[in-house]
Amino acid sequence: MTTQTKELISPVTQPTKRKSYWLEVAIVVGLALIVLLIIPPVLNSMGLGFRVNMLGRFMALAIVALGIDLIWGYTGLLSLGHGIFFALGGYAFAMYLELQLPDDQIPAFFGLYGVTDLPWLWRPFYSLPFTLGAIVLVPSIVAAVLGYLVFRNRIRGVYFAILTQAALIVFFNFFNGQQQLINGTNGLKTDTARIFGEFVSSPQIQSLFYSLTAVFLVLGYVLCRWLTSGRFGRLLVAIRDDESRVRFSGYDPTGFKVMVFAVSAGLAGIAGALYTVQSGIVSPRTMDIAFSIEMVIWVAVGGRATLIGAILGALLVNFAKSFLSEQFPDIWLFFQGALFLVVVTVLPGGIVGWIREDAREQLRQLFRIRPQIATYPSLEEDLDIRHEQQHISHQESDG
Amino acid sequence: MSNNILAIKNLTVSFDGFKALNNLNFTLETGELRVIIGPNGAGKTTFLDIITGKVKPTQGQVRFKGRNLRSFSEHQISRMGIGRKFQTPRVYLKLTPRENLELSCNRNKGVFSTFLGNPDPSERRTIAGLLETVGLTVKADIAAGLLSHGEKQRLEIGMLVAQSPDLLLVDEPVAGLTDEETENVGNLLLALAADHSIIVIEHDMEFVRQIARQVTVLHQGSVLCEGTMDEVQNDPKVIEVYLGQPEEQAA
């Protein structure tokens, strides 16, 4: 019976699986090439160079959205504190760039506060490898420590969301108050800093960062796809849907949640660094409560637990935001609110969720095309019955 | 003594002064199939909560294979070999039956081994066999949310078995099932009883009759009586608890 079933079912499912896998690879590579090779020259030739920079920044934001999708969409933990990790990544890279000075000079803002010696915290950031590590690891470690304390005590749901937001406020106030260490509320500027002998704001360096962002977005997508496609990903879904059941199956959810939170924070750190160099500044404002909530909105709009939806949502919402704020500077915030309301009420699965689930049926109804199923759906769709049908035809062809 | 897989001594659990279990003593021999019955509020579900570590005893102790369970958390107790099936089927609705079973079957449940390892061929074979046993081979790859109530019940029993526990705790496995499905589940449990110790909590007396060898009656958080089905059914204390005071006596 088992082998027979395998014969009947596996020839159908295996090649389609492999096919859809290669299709996905092709689409991702294709899109990446378009973003890398076609969009920048086209936009530049149209005199819309600033849109390229915009796309670069929004792709950086899409990397955070991937992280949010991992922790919220798959694992069901609503983090309203990802601004912390975004800012930590941004500050780490900005500190390295600020230190690219001739010997024995320290960043100019220290003069404002009468600081003459470089604080010890800054010293390791002379090193590029250390900085690159710190961009990922500092946010991850902060998230892991915070996550361990929270998850071990079985804090979840709304309490987790409130706690992350509280942590965000703590970090915001701390960064705001540290003028002598990191220029407080003014933040760190990267525009006038130099890297590889060029100004960070120069076109060559900016286009390098644009490409890097696109590459990291693809890598981030591949990482998340890999994490969520195997048994690990299914366990995340299981934790989201019924955590106590997971315990009774012999898993300790704490470790899994800590790990996902840390990965998600690492992605936010990378995003923060890439966003900072393309916008020219990092300041405590990246830890505004509103900004962290916006990150969640991007994912909700695009579609939770879809990954591609997170990227799409981040790009769409941010482009809509910038277009609308150019056209209607006074009221664009209302659009954003309305967008969120529409998503929650009409498209609870987000755009991608809608396309996957209901779109075909609803469009059919809209154009009054008759639904395809002609008999009782349960009869058409029941796998036992279909299996029997196949079985009979199989026997007939054998005999 | 060492033959007892589970030994509960003078167990009391109180929630804000209300004693859900009151000075309860209970032992289960290795390989035994025991059915626990009792009216609503007798403490049956709390009894399972205690064994699986969801609730900690106020007084007394629970020993599984001789080890006191007090200091262990749910996942550790589960790894020691106690599996639990819940009253309403609790399967992961967004995952397929095959994936549900894979999660339970996974032998090494640490973060990194789950992360890196994929089910090996022997695990896949076990899962295919289990799907066959619970009759879900054909529906193995659709979301579990689309299964009927009875299929979910069977899937959850399958998940329980996939954990390969030594002691199975089964809470009302036939609630809401048709007669035919009930009998199937009964046969499944009897087959499992061949090499597992099992505690079943049930209301359906016909079903109890089908599977029970030894029955324990709980009432107000303590053991009222123990014995075979016939002994228990004719016990005047049990009749009183279930049916109230007989009228002739009351009069």
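Quick reminder: no glycine exception, Cβ is built from N, Cα and C everywhere.
Copied over from TrEMBL, here are the features:
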- A:20-43: transmembrane segment (TRANSMEM)
- A:55-74: transmembrane segment (TRANSMEM)
- A:80-99: transmembrane segment (TRANSMEM)
- A:128-151: transmembrane segment (TRANSMEM)
- A:158-175: transmembrane segment (TRANSMEM)
- A:208-227: transmembrane segment (TRANSMEM)
- A:255-275: transmembrane segment (TRANSMEM)
- A:295-319: transmembrane segment (TRANSMEM)
- A:331-355: transmembrane segment (TRANSMEM)
Considering only Cβ pairs within less than 8 angstroms, which of the stretches A:20-43, A:128-151, A:158-175, A:208-227, A:255-275 has the most against the transmembrane segment (A:80-99)?
A:255-275
Six or more residues beyond either end and a Cβ under 8 Å away: which residues meet both conditions relative to the transmembrane segment (A:55-74)?
35, 39, 82, 85-86, 206, 209-210, 213-214, 216-217, 220-221, 224, 227-228, 233, 236-237, 240, 260-261, 263-268, 270-272, 274-275, 278-279, 295-296, 298-299, 302, 304-307, 309-311, 313-315, 318-319
Residues sitting near the transmembrane segment (A:208-227): Cβ under 8 Å, six or more positions beyond its termini, same chain?
28, 32, 35-36, 40, 52-53, 55-56, 59-60, 62-63, 66-67, 69-70, 233, 260, 263, 267, 270, 274, 277-278, 307-308, 311
Under an 8 Å Cβ to Cβ limit, what residues of the same chain, 6 or more beyond the ends of the transmembrane segment (A:255-275), are close to it?
56-57, 59-64, 66-68, 70-71, 74-75, 77, 79, 82, 84-93, 135-144, 146-148, 151, 209, 212-213, 216, 220, 223-224, 227, 232, 235-236, 239, 282, 286
